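K.L.:
Sharing a structure, written as structure tokens. Questions coming.
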């Protein structure tokens, strides 16, 4: 809608300014974008009235105007008398009185003012309040910063906009270690404060900052009514998650769960001169609000210089839920030797919503190219469905005993009534798991429902990898009934519908709200090869668990066949599955024999796990890393020591890339003891048929691209994920049709057998980056499961190469058509 804007500069000496002026308007239906009024024609001179034509969205009745001068320099000071806005078509008119300086040397030394709307349409202007902020810098080493800090308070009735925290009321040197710095933010009332965004510009050496908390209260109100926004985190490119901006909510528990992650992938065009060294910003708009302008300064794929020709840079933004995204603004600051930029496309993944937004652009953002614009609004061409995940917050407490810390890679897996998460590596940019530390990690994973156990451990890497784990907390949000606060009746509100009143009565005055659910897992034990039982992995039950589960001990007896070359020197792993989940993949390392897996030998291992109930299957594999890796496995017998039951898992097959079907992993199902004792000829064949009938054979076809240098010498692996389970890591060693695998333009075939995966939902494929030429361009993967009537194509069309595309060497692929195709041989 077109509006006329008049700005009155007062007649005081030096009242005029040569700075650019920007403003933003708020109304009952939301807010406008920030609008800059370029000062190119002697605007804003002393005693002058300037008129501008501006376009504003439908904001309903206007409530306030924020206006500021961009320069912030000693001679940019400006004395504003008032501003007036009038809607061209309806003559709807609002006045915004000011009569104050916007000057770093005058008044309160601020360069931004918030002005409440006045006029015939406004019965009573909103009050202007002073918010006193106490910003507490942490007490850890190097916690202070000299970077420029900004804050935005966000409430029920709008926000304050980003305010630079310059004029400290109590300290000359701001944001030093242990400081409590006080600032005043003057703004038209924003109602009840719901959250705040705080960050810095990332400039200067040692700009990283450890923020303890921010305390906010209205000036003149009791300290008891102050709101505390806990942070206790780094805002540092080289610590924690690398972010330099954080959104905080006034909750004591589960702070990180209330924001959701937006993964923004920005592709620079593959054309000459398309790269940019300017600062790029983005603003996302959703049906519940917008993110504000966010500088993309911390990449998650760490490819060095950002926005290089033909490259994809990935950035993570954590903010409140803005709902379904309908558009985005992207641009750059036009600073730098080569500021001009050719933007090919933007992709935004929102795992908590299960959405992937595609924004094509394919245009210049450059003063010297095309239409000369350096920013543009773009709209999604399509919204793809991806696997919907939920937020989890994991708190890990390392014990206070000598050498308790570890530098090994720590992982966790969560089991619930709806299934299990994938294995999650707990890591960030900080030095984790030191003695007597408490660390918090946030990640997205499958909603497993009510949690009944976790498995946590490490890979034993690094010097002194032993770890004393004290406890683990797992948190996530659930919808629950909470007592409703009694509020004064608002006469302007519509009367409640009868059904709403009935529902409220039925719930006894309670209402549904998001609350934090916490599971506490005590541990207090070593995960070390040289301590206690020597295990690096432990399974834990939640404290006060309702289920009658307990830790069980499984005696795993592995019988190597009695034939030439049957033994192996490589590493062997097992995963045992039962009614109550599985053990996860465990290394079979501590045998009762010094030399394991020799010809004709029985090796006995102990696996401790939460009781699995009746055993259903096992997966056993080796990693093929030794010169003599081929292994003939006769059978596995597992003794459930709690129930005193023995399960028999016959195999009678090679696990070898150059024997049998070339597989180095097998899934085995239990058979009756009587079956094991059959001596008559043909029992082996009968066994093979019985096991075959219980498993699904998948043919995996992998097409390497036609591009130059598309092939790879690296070791390639895959994992098939089904609705019920996954295959675990499949090393793609034994190709059916070519000895030299993954060459340019080649289609390689592999056979995989697995038990009871259900319908396939996802495929993960990658390589280990080994070999002289490891980069790989993968065209597509096709998976056939004739017995299930499934043939699925998983398109890729991307590099798996640290120096190309987005630098990833592992990709998750999804079926192009989620409808199962009927397979006809």
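Glycine too: its Cβ is placed from the backbone N, Cα and C atoms.
Unlike curated records, TrEMBL annotations are generated automatically.
Okay, so TrEMBL annotates it like this:
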| type | residues | note |
| --- | --- | --- |
| COMPBIAS | 501-511 | compositional bias 'Acidic residues' |
| DOMAIN | 1-116 | domain 'PLAT' |
| DOMAIN | 129-249 | domain 'PLAT' |
| DOMAIN | 260-379 | domain 'PLAT' |
| DOMAIN | 390-541 | domain 'PLAT' |
| DOMAIN | 552-669 | domain 'PLAT' |
| DOMAIN | 696-814 | domain 'PLAT' |
| REGION | 490-511 | region 'Disordered' |
K.L.:
Among 129-249, 260-379, 390-541, which stretch has the most Cβ pairs under 8 Å to the domain 'PLAT' (696-814)?
P.N.:
260-379
K.L.:
If you count every Cβ pair below 8 Å, which range out of 260-379, 390-541, 552-669 shares the most with the domain 'PLAT' (129-249)?
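P.N.:
Going through each listed stretch, the top one turns out to be 260-379.
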K.L.:
When DSSP states are grouped into helix, strand and coil, how many residues of the domain 'PLAT' (1-116) land in each?
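P.N.:
Helix, strand, coil within the domain 'PLAT' (1-116): 0 helix, 60 strand, 56 coil.
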K.L.:
Per DSSP, what is the residue tally for the domain 'PLAT' (696-814) in helix, strand and coil?
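P.N.:
Counts, helix then strand then coil: 3 helix, 60 strand, 56 coil.
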K.L.:
DSSP on the domain 'PLAT' (260-379): how many residues come out helix, how many strand, how many coil?
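P.N.:
Taking the domain 'PLAT' (260-379) as a whole: 0 helix, 62 strand, 58 coil.
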K.L.:
Could you put numbers on the helix, strand and coil content of the domain 'PLAT' (552-669), residue by residue per DSSP?
P.N.:
0 helix, 62 strand, 56 coil
